[in-house]
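**Student:** Before I ask anything, here is the structure I am working with.
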Amino acid sequence: MEAGSIAHQFVQQLINGVSLGSIYALIALGYTMIYGILKLINFAHGDIYMVGAYVGFFATSILKLSFFPALLMAMVVAAVVGMVIERVAYRPLRNSPKIAILITAIGVSLFLEYGGMLLVTPQPRTFPAVFAAELYNFGGIVINSQQIVILAISIALMIILTYVVQKTKAGKAMRAVSFDTDAAKLMGINVDQTISFTFAVGSGLAAAAGVLVGIYYNSIDPLMGIMPGLKAFIAAVLGGIGVIPGAMAGGIILGIIEAMVSGFISSTFRDAAAFGILIIILLFKPSGLMGKNVREKV
Amino acid sequence: MLEINDINVYYGAIHALKGVSVTVEEGQIVTLIGANGAGKSTTLRTISGLLKPKAGQVMFEGKSIAGMAVHNIVKLGISQVPEGRRIFANMSVLENLELGAYTRSDSKGIREDMDKIFSRFSRLAERKPQMAGTLSGGEQQMLAMGRALMSRPRLLLLDEPSMGLAPLLVKEIFSIIKEINASGTTVLLVEQNANMALSIAHKAYVLETGRITLSGTAEELAASEAVRKAYLGG
Ligand SMILES: Nc1ncnc2c1ncn2[C@@H]1O[C@H](COP(=O)(O)OP(=O)(O)OP(=O)(O)O)[C@@H](O)[C@H]1O
Ligand SMILES: [Mg+2]
């Protein structure tokens, strides 16, 4: 490749990477918030993303909703599913050994995947074209209008989330519970309610990612959450698990790395690169890029 | 106001409180003194609902509160400054105080109380946007106390407020406790600094390995031979 075409390719992959990365970021945020508050890796989180994609699919194809109402509906339904999972599966184990909740999370994940197959059949579905994908060509660099939508919505959601976490009473309660649960209780914070709220927000964001991916790749299936779930987990660890801006940055960085590997080496190495990053991070900086080296709370 | 009756509290197999009874009259400062591991913090944690007694009662204004959720106990008017302060280090001074007012929604009253706290603890006023974790030990103690006051408690539980502070600051903290009490808040004060605690308290209890061994007015205990030997250095 000559220099000009390498630069070209670089910019093109950067654009692809940022839009893919913003999807990872949306999912990673839920992982990180739930970890922050419960010290639990919610393995079912990727499947919530799948649930969101299906709700978006049925909302647009059967209920004939347009994009925004469908997106909102997917987020709300997934938020409720997330809260129910926490209430039914995790809360009864709040004081059990961590491993019990972890195994339960894997169980919930399998339940959603295979329960989903039972409910909606394993057949992949074609997501309706909610809006036409227009291709804009800027001197050889192609931007899909859907990429712009993905990025715009992801950014908007991240801004709203940041506002909620930083400025609202519920957000402050969430940070307080994450930092020191007993001290938060002594402030009069209802910890159960705050944990429910965290699951609702995290699940809503994952659902939004599910709908956006459905629109972008057209195809959804009950196991679609597995790989993005793992990638988003890597993104959360990369950014520093428990750190909200870390999840955003980790998602975008991972998306860019994957796109670059696909573009310059081969797309077959894309997943290997992601897992390679996980191993490197865990070996050299387990607290992640933006994580503090905090001691495990006792 | 508060009546703890013969409570037994366990940590797993460890029997931390073996039939503790404490009464706090409205308007008073009552102190609970005792050595390390006596069960002082356990007593306060049980009152706040962080621990549930296996037996015995905790009555607040005639109402049984043992087994109630912690946040509901705060709503009833019991606020605690926990041992080690437990401020939210990654949040600003202002946010810590806002969290203290979590149970309230009267924004005007909250603002007034915040102003009161800033005038009482003037060092905090200059540091509103500062991360609480970067405050000095004394400032953190003041923040923890201010935060606890933001819920407008009728009963304030203080767990070793003098811990780790220089003598001058200890004096300041104790005079603030007296002020808080004078303005109408009942105080249950846990201390290892028996001297200081007895000097401001109305009533006192001595806790030893999970049992109350002595109780009386603060003057009585300060004069008692046993207390002088064990806790007052002579
Ligand atoms: N989380 C816990 N798990 C097990 N045992 C505990 C726990 N917390 C306290 N204990 C035990 O309960 C007893 C009372 O502890 P507590 O913290 O109430 O003492 P304290 O009087 O507050 O002491 P200090 O002055 O050191 O703060 C001690 O024997 C302690 O080891
Ligand atoms: Mg203690």
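Backbone N, Cα and C atoms are what each Cβ position is placed from, and that goes for glycine too.
The following feature annotations were taken from TrEMBL:
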{"type": "TRANSMEM", "residues": "A:23-41", "note": "transmembrane segment"}
{"type": "TRANSMEM", "residues": "A:48-65", "note": "transmembrane segment"}
{"type": "TRANSMEM", "residues": "A:71-90", "note": "transmembrane segment"}
{"type": "TRANSMEM", "residues": "A:99-121", "note": "transmembrane segment"}
{"type": "TRANSMEM", "residues": "A:141-165", "note": "transmembrane segment"}
{"type": "TRANSMEM", "residues": "A:195-217", "note": "transmembrane segment"}
{"type": "TRANSMEM", "residues": "A:232-257", "note": "transmembrane segment"}
{"type": "TRANSMEM", "residues": "A:269-288", "note": "transmembrane segment"}
**Student:** When only pairs 6 or more apart in sequence are counted, do the transmembrane segment (A:48-65) and the transmembrane segment (A:269-288) reach 3 or more Cβ pairs under 8 Å?
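**Tutor:** Answer no, regions not in contact.
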**Student:** Give the nonlocal contacts of the transmembrane segment (A:23-41) in its own chain as ranges (CB under 8 Å, at least six residues past its ends).
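**Tutor:** Cβ under 8 Å, 6 or more out: 48-49, 82, 90, 98, 101-102, 105, 150, 154, 157-158, 161, 174, 177-178, 194-195, 198-199, 201-203, 205-206, 208-209, 212-213, 228-229, 231-233, 235-236, 239, 241-244, 246-252, 254-255, 297.
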**Student:** Is it true that the transmembrane segment (A:71-90) and the transmembrane segment (A:232-257) have 3 or more CB pairs under 8 Å, sequence gap of 6 or more?
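**Tutor:** Counting Cβ pairs under 8 Å (6 or more apart in sequence), the transmembrane segment (A:71-90) does not reach the transmembrane segment (A:232-257), since there are fewer than 3.
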**Student:** Take a look at A:99-121, A:141-165, A:232-257, A:269-288 and tell me which one has the most Cβ pairs under 8 Å to the transmembrane segment (A:195-217).
**Tutor:** A:141-165
**Student:** If we skip the immediate neighbours and take only residues 6+ beyond the ends of the transmembrane segment (A:99-121), which ones have a Cβ under 8 Å from one of its Cβ atoms?
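**Tutor:** Contacts with the transmembrane segment (A:99-121): 38, 40-44, 46-48, 50-51, 54, 85, 89-90, 93, 222-223, 225-226, 229.
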**Student:** Quickly jot the same-chain residues contacting the transmembrane segment (A:269-288) by Cβ under 8 Å, restricted to those at least six beyond its ends, or write none.
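**Tutor:** Long-range Cβ neighbours of the transmembrane segment (A:269-288): 227, 230-231, 234, 236-241, 243, 246, 250, 254, 257-258, 261-262, 294.
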